[in-house]
Every structure is written in structure tokens, then in C-alpha cells.
Amino acid sequence: MSPSPAERAEDLRRQIAQANRAYHELDAPEIPDVDYDRMVRELEALEREHPELARADSPTQQVGARPSGRFPEVRHAVPMLSLSNAFSDEEVADFVRRIDERLGRRSLRFSAEPKMDGLAISLRYEDGHFVLGATRGDGSTGEDVTANLREIGDIPKRLHGKDWPDVLEVRGEVYMARADFEAYNERARLQGGKVLANPRNAAAGSLRQLDPKISAQRRLSFFAYGTGEVQGGELPDTHSGTLAQLGAWGFPVSELCKVVEGTDGLLGYYRTIGERRDGLPFDIDGVVYKLDDRAGQQAMGFVSRAPRWAIAHKFPAQEQSTTVEAIEIQIGRTGAATPVARLAPVAVAGVIVSNATLHNADQIARLDVRVGDSVIVRRAGDVIPEVVSVILDRRPQGTTPWQMPTRCPVCGSEIVREEGAAAWRCSGELSCPAQRKEAIAHFASRRAMDIDGLGDKYIETLVDAGIVKSVADLYRLSRDTLLHLKLVLDAEEPSALAAALKLHLPAEGSGAVLNAVLKLDGNDPGWRAQALAQPASFEWNTKKIATKWADNLIAAIDASRAATLERVLFALGIEHVGESTAKALAQWFGDLELIRHLPWPLFKRVPDIGGEVARSLGHFFEQQGNQQAIDDLLQVGQVRIADVHAPSAKLREGLDLAQLLVESEIPGITRLRAEKLVAALPGAQAVLDAEHGQFVNAGLPDDTARGLAEWLDADGHGAMLLAAENAMREILAKAPALAEIVAGPLDGQTVVLTGTLAQLTRDAAKERLEALGAKVSGSVSKKTSFVVAGTEAGSKLDKAQSLGVSVWDEDRLLAYLAEHE
């Protein structure tokens, strides 16, 4: 049974009052603007159709919400009213017609300006000095936020110029620019803080901080759009003139403000700003039209909460409410695991949205998004739609908090997150199809396997065609495939490709190939990959196609089969393993077969490799898909590592079970405690077999003993410790004795290169210095042994001189290398 008009009106008043409190007092909107506007318009229609239902305390007769009580109250000398809204061209035409009829004018000029999506404020100046700033509140009474407003650089503390009134109230909008909003949220995500839903919330929440220092840390901005009380002075007789005068007195005024004539001028402005909306540095939710003539404004007057001479023309809503039907994981090109909400389709900003990003697991936890929830989804321009909040009042019973899956939905590898990071990642770098293109491009890059000529477009099409599924497949590429690829990429459409192919196909059997190509849909973005996947035999007409490039690329692929260990390690694309880490791993362990089977704590034996990098290496090599990709690379691709050698003798230093326990980052296990433990329980198996009491008897504090027992019971830890002990024994068996180490002349010294060298490339100089034992760093410090400065050396040279670090020129470096190499 439908509610009566009186019951419906009461329900609408309750919902609108609740929404007003959330929006104006708590700075935490619970429903999208479009839902709010819809309820207000429905209530206005009910009160028009049933005048007996109209009440003085109705939201249709009020502005904003009462002050929160957290700040001193300020009574506005001139009320800060709201604006009526228009949502269609017809409503704008009616607005112009009403003014025309009331004033009897045929040519009406309006000041048009963007409707900022921020917080309305009033600034009071006495004798040119800023003395008071207040929020709108309920239109009559606002909150004193003067201290916070003083932290906004856009707001002048003293008026510029001259001839300002004795008392001047300036009305305007405090907002947060999009770039500042994104920077704030990025910092919050990294620090585990609260991520704000949108720039409007960010501005309002920042301005209502009790500590002005917090407001100062959040970059807020301001635009002036009008005036309130004015005493002891005159303002121009047009609104546009007043804005120009405010600009001369030091207030920011939007450059988008424009004077237009009549309905056509207003609608033209609306469409122009609408087209520019997504590219603006700030959020707007519409435009505002104001009769430019102040005398006309006074003649038009006001209704209860809004002027008759102004109206807001709203854009299509960028936020809507809908339902979460599922939460799935999407794996990006670099392995980032991004949760995506699958939504009941809803129109947002003129586009049907059925998916929205949830950014990361921390964001889901902060919002507490669950399957079945009603949520607010936001879409601004080309930005990916995102879920910004949950409507908790609509949450169905029986929902449960969402948990990040443990396995990649694409390849089944473990999904991992390093300590302190916001993003989770699929650890199947080499084997995950979602990461395939990125992994192959990195593998072939100049500083990795250096396969010159294999560009991104080639890789993309080869992968899409299913010809290259792993890095090992690069070594299966043939000259025919590459020439076929070039024809495919050069063709504008399937018919053009068929014509090009016809020149290189044998007469017998070519018809089937050409017909298959001609059937492809040229409007399908994947048609080229489909064409390349078509099997074909070729008889290349070398007068009609260049072949040298393909021969060169095949030669580059063949040449990459003989590679150094550091290049192969870097080419694998392991998270956190750059060139310098790959070089260090190669120098210290010497053999890919050893490295690929090491438990992660042993990687920490290498200087400058900490827990984060070591765990990343461990996760990578634990994935069966990655191990299979390496096997294929060595067996199918026939990649041969040219510089295999024994592990460094330096690994022997302090390498024992006690150190393994410390490197495993077991809570409370220090070197001294580990030595006591191993003295009582020699061997990893003995430690695994022991119980809490034996750990205490070995000298561990009770809480440390309990923590060790819990750690050993955790999945995989015991097996890892046993494997680490076995790997340690293998290293000790293979590494030469410490006495056999021949120290380089630069062992233990740190060198920095800066500027341009005439006779050496930066890479060549670095390689030769490292061969003599030096560590080549990218930054200068007191620990730097010397700096090699070429021409156009910059700040590094200046810093070296200020710290008293020795500076060598290129001639001295070359002489030293000639003497010691």
C-alpha cells in the first residue's frame, strides 16, 4: 500500500534532514547529490500540490544545517542563502522568462560562473584587514573558522590596492584542487591513514579541523564569487564589475566567469564549461547564472532560502548509488592485484557503469565494502569509476567482511604484499598471462637481454596472437613469423593485408589464407592478432618486402642466448631486483642453479639486500610457474650463462645456523640468543623437534621461546629452515676458503661518478671500477672515498667539495685503471 502524501512528505523530511547533517556537519555525505536533489524536488512538488503540508521547518525552506557546536557561532549580518537548481534547458528558459516578465526587459545580461564543489564561507574585512571567517551553517548562523582560513594562501590577510569599504564581507568557496586531493590521498594510503571520498569532503573536513596546523598541511584554495555586508564604501553596479574589483583587492576570481545575454548565452556557456569540466584543475558540479545588474537583483528579491535573480544549472551527477554484486581481483600488467567491484549497472555522468575500482585491500577495509552493500560510485571524466563510500543504513543482514584471496585468479601463483606496502601483487612474474607483455618487454630490453629491434608493438601483437606465451618463446621466433608480423602491422585494414600477403604466398593453398583474412572485422581492435595467428606458408618476394631488419632481429635473439648471470637475473623481472642487486647476486652466488633454489633468508647475506628484497626473491622462486619459465629458457631457449663461478668466499663469514635463525626474522631472536639456542640444540631438525620448555632451558626468555614455537608451527617455516640449512652447507662446500680471496685495490671504497666522461661511458667506468673492488654509488656522502667528475658535473661535485671528499678528473681515473687492471 502506497504511503499517503503526508506520510511521504514526513519520510522525505526525515531523510533530507539526515543527509543535511551528514553533508554539512559531519563532512561525510551518505548519499549521492543526485539522490539528495531528487528527494528535495519530490518534497517541493508535494508541498506545491498539497499546501497544507508545507511547514516553516521544512528542508525546502532552509539553508544548509545548524552549526555543529565544535566552533564558536557567528551570526551573519547578511544571510548566506542557497540557490535554486535547474536540471534542464527548459528550466533555464523559465528562469530567464520569470526575470523578463518581472523586470519588463527584453535584453538581459547575466554573469555566468562555474559552481565550485567546495565549502561556502564568508570573509569579513575591517579597514582592509581580515578579522573573521565563517562557514555558511544554516544561512543565518555559521561557525568561526578564522584560524583555519588564515592558513589558506589564496585568502589575503590584508586587502591590496585602495578605496576598499570600511567593512567588507566577501563570499566564496574553499576547495581542494584535484592534484592536491590526489597527493593527499596518496600520502594517506602510504601511511595507512584515512582516504577521503572526494575533494569537497577534503576541503570541508580540513577547514573544520580544531588544530589549524592540520589545515595548513592540507593545501586548500579559494575563489571569491560575491559579497555580503558592505559599510563605508561603494561597489560597482554590476556583479561582473564587483568580481573584477574583488580581484583588484587581492581575491582569486575564476577566469571562467563570463557575461552572457539571454537564454542562448546561458546554455552556450553551460555546454562550453561542460566540455571543459573534466580538464579543469578543480571539481565543479554545475554553473551559476546571476543577473548582472545589481538594481535588477534588488527588484527581483528573494524567496525563503534563495534569490530569484540567480540559479544553479547542475551537470549530470558524477556520483550515484548502486549495489555491489561481487568483488573480484584484477591483475595488472605489472602484477598489481587491484580489487574491482562488480556493480548493478547505473548511469553516472552519462555513462553506464558496472565496474568500479576499490584501489587496494586497505581501502576496502577502511570503507568496509561488502558484497550486497549499497555504495556511492563516482566517475569524473576519464577517471576510472571508484567506490567512495558505503550506505550503511542499507546494508543487508548476513554480509561478511571481504578478504584478499591468497592465489592469483589468472595463474594461481601466491598473492603477496611486502611489509608496509599498500598493494598486493601476483608473484608469478614470468608465468602469469596478465603480466606477460610487461615481462617480455622487460626481458628483451637493452639493459636486460638486449634483443635490439623487438619493440612494444611487436611484443603486443605476438602475445595477442598466442605466438609468444613466455620469454622462452622469443627463441622460437622465425624469419617467416617476423615478416608476417610486419605485413600485419603495416596494413590499415584486412583487405589491405590480403593484398600484401598475396604477393608472398604460394599459388597453391593461398585462397584459404586470404579468405580467412578477408573475413576479419577491421573494426575489431584484435583483428591484427587474429590475422597473425592464421597458419600460412610463404615464398617471400624480396623485391616487395624488406627482410634485413628481420634477419638482424633473429641475429639479436641468437646473440642473447649467451648472457651474463647478472643480465639474466635482471631480465627475469623480479620485484625490487634492479641492475645493481642483480650484479651483487651474481657476484656473491655465481650460479643461477644455486640462486633459484635458495630460501629467502640466505639472500640477506649479500650486502645491501634487506628483508624486503630477500622475501621478494624468495616469493619469485617459490612459484612453480616461474621455475618452469626458467627451465624453458635454459632448455628450449638454450640460454647459456657465460660466467658461472663458485660462491664468494665472503659468504663464509659468520654463516652458521645461528645466523640463519637471525636472518629468518623470528621475533625476539638476536644473535646472542640464537647462539645459545644452537649450542643446546645443534641442527635445524633439533630445533624443530624441541618444545617450549627446551627453548627456555636453552636460555631464551619465556615470551621469545613462545614466539619461536609459534613461528616454527606456522605453515612452511620449518621446511624453510631445513632447506636453508642444507643450502648453507652447499654454499660452504662450494665457496673457496677465505685465505684464497685476493683483495682488489678499491675493496671497501665507495666511488661516485658525475658529469660526462670523454673517453669512457658511464657504464664502462662503473664496470671497471667495480672489477677493482669499488662500490659505485649514485649519491655523495661523508663515506664516499672519491668522486670522478667529468664535464658539466653538477650538484654531486658541489657536495663532494663541501664535504671535503677527494675529486678525480678523467685523466686521473684512466691512469689509475691503467696501473691496476
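From the backbone N, Cα and C atoms, a Cβ is placed for every residue, glycine too.
When Lys194, Lys213, Lys314 are compared with the NAD(+) site residues Asp33, Val34, Asp35, Tyr36, Asp37, Ser82, Leu83, Glu113, Arg136, Glu173, Lys290 in Swiss-Prot, the one appearing in that site is Lys314. Counting only residues at least six positions away in the same chain, the Cβ atoms of Phe110, Ser111, Ala112, Glu113, His239, Gln297, Trp309, Ala310 sit under 8 Å from the Cβ of Lys290 (NAD(+) binding site).
Within its own chain, Asp37 (NAD(+) binding site) has Asn85, Phe87, Lys314 as residues 6 or more apart in sequence whose C-beta sits under 8 angstroms from its own. Cα spacing between Cys411 (Zn(2+) binding site) and Asp33 (NAD(+) binding site): 41 Å, rounded to the nearest whole number. For Cys432 (Zn(2+) binding site) paired with Asp35 (NAD(+) binding site), the C-alpha to C-alpha distance reads 42 Å.
Under DSSP, the residues of the domain 'BRCT' (741-821) split into helix, strand and coil as follows: 30 helix, 17 strand, 34 coil. In terms of C-alpha distance, the listed binding-site residues Asp33, Leu83, Arg136, Cys426 place Leu83 closest to Lys115 (active site, N6-AMP-lysine intermediate). Whole-number maximum of the Cα to Cα distances across the NAD(+)-binding residues Asp33, Val34, Asp35, Tyr36, Asp37, Ser82, Leu83, Glu113, Arg136, Glu173, Lys290, Lys314: 26 angstrom.
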